[in-house]
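To keep things clear, I will list the structure first and then write my remarks on it.
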Amino acid sequence: MTQKKPITVAITGAAGNIAYSLIFRICSGELFGNDQPFNLSLIDIEPALPALEGLVMELQDSNFRLINKTICTTDPFEGFRDADYAILLGSYPRNKNQTRKDLLGKNVSIFKIQGKALSFVAKKTVKVVVVGNPVNTNALVTAKYAENIPKENIVALTRLDMNRSISQLSRKLNKNVSNIKNVFTWGNHSASQFVDLSNGYLLEGSKKTPLTELVEKEWTYGEFQTTNQTRGKAVILKRGRSSAGSAANAVIDLLKSWIYGTETYVSMGVISDNNPYNVPENLIFSFPCTCKNGSWKISKDLKPNDFCKKMIKKNVDELVSERNIAFGLLQD
């Protein structure tokens, strides 16, 4: 049997916690398959290089047969060269005294450079997953400067929000997560996000029971939303660090959906152009999407209720504000 040609996977923030949870799973063959070799390009800032070199030592000691070549670099123009997949984990973290404008200011310069590097040296078919927060606007800045990459190829991670909501429903209903379908989030990866259950159902055998018949309306629009919106903060309070394993898992879930296709709706932060839900163009917005043959499309046959429309508008306003601040800070 002919061996497949190696693909190239580039990861920024590669010395960080999410990367540590993610990279070993990728190297095991879980994402791209047990017969797909790859080149691993690990990118991080200069102070993180010793940790990155230690990670490479662990990868060597794990004898992953699918790794063809590994490089460590601080230069995105080197790290993104010929990338088939780019996972942007690294971003400037927010401290407690920092305004959102200051945080955006720190991050726009990072994602501007990364967008330019992707545009110049990555494959034009590269699939880009942005994870570093504020993820929607970081992805939009990346797309703005990755001029040679289709905007459809740059996606913000909102799958973790969807996964958290399904997990919460699983505990509420005492049912397995695999039986809960068509639950998704709208908007921003922030405390404004809205989880939509109106199209969701519980699948048991061939029977589909609408979730709206199984959970109370008061809970759906109250505790359920608040718990999901603040889950990241709750993890930090308990763990002392932000979500890492669950974020890495969400990256893998997202890429599996994007590459291999979906049968139900999934949450993806995608470019808002030509959507039917009155979301302005040129935003990265979480929509219910379906995937087929390596491409995604926004599901266009849904009918959001009045509350959902209100929440979509709230998220639009927040993301327009972020975009205006970010673009106002950019120096072309």
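Using the three backbone atoms N, Cα and C, a Cβ is placed for every residue, glycine included.
Automatic, uncurated: that is what TrEMBL annotation is.
Annotation comment: TrEMBL describes 9-154 as domain 'Lactate/malate dehydrogenase N-terminal'. Taken from TrEMBL, the feature NAD(+) binding site applies to D44, N107, V131, G132, N133. Residues annotated as substrate binding site in TrEMBL: R94, R100, N133, R164. Residues annotated as domain 'Lactate/malate dehydrogenase C-terminal' in TrEMBL: 158-323. The feature active site, proton acceptor is assigned by TrEMBL to H189.
Counting other CB atoms no more than 10 Å from each candidate's CB, the binding-site residues N107, N133 peak at N107. A count of other CB atoms within 10 A of each Cβ picks out H189 as the most crowded of the recorded positions R100, R164, H189. For the NAD(+) site, whose annotated binding residues are D44, N107, V131, G132, N133, the maximal Cα to Cα separation is 16 Å.
Neighbour list (D44 (NAD(+) binding site), Cβ cut-off 8 Å, at least 6 residues apart, same chain): T12, G13, A14, A15, G16, A51, L52, C72, T74, G90. Taking the Cα atom of each, N133 (NAD(+) binding site) and R164 (substrate binding site) are about 17 angstrom apart. Looking at N107 (NAD(+) binding site) and R100 (substrate binding site), their Cα atoms lie 11 Å from each other. Across the domain 'Lactate/malate dehydrogenase N-terminal' (9-154), DSSP assigns 67 helix, 26 strand, 53 coil.
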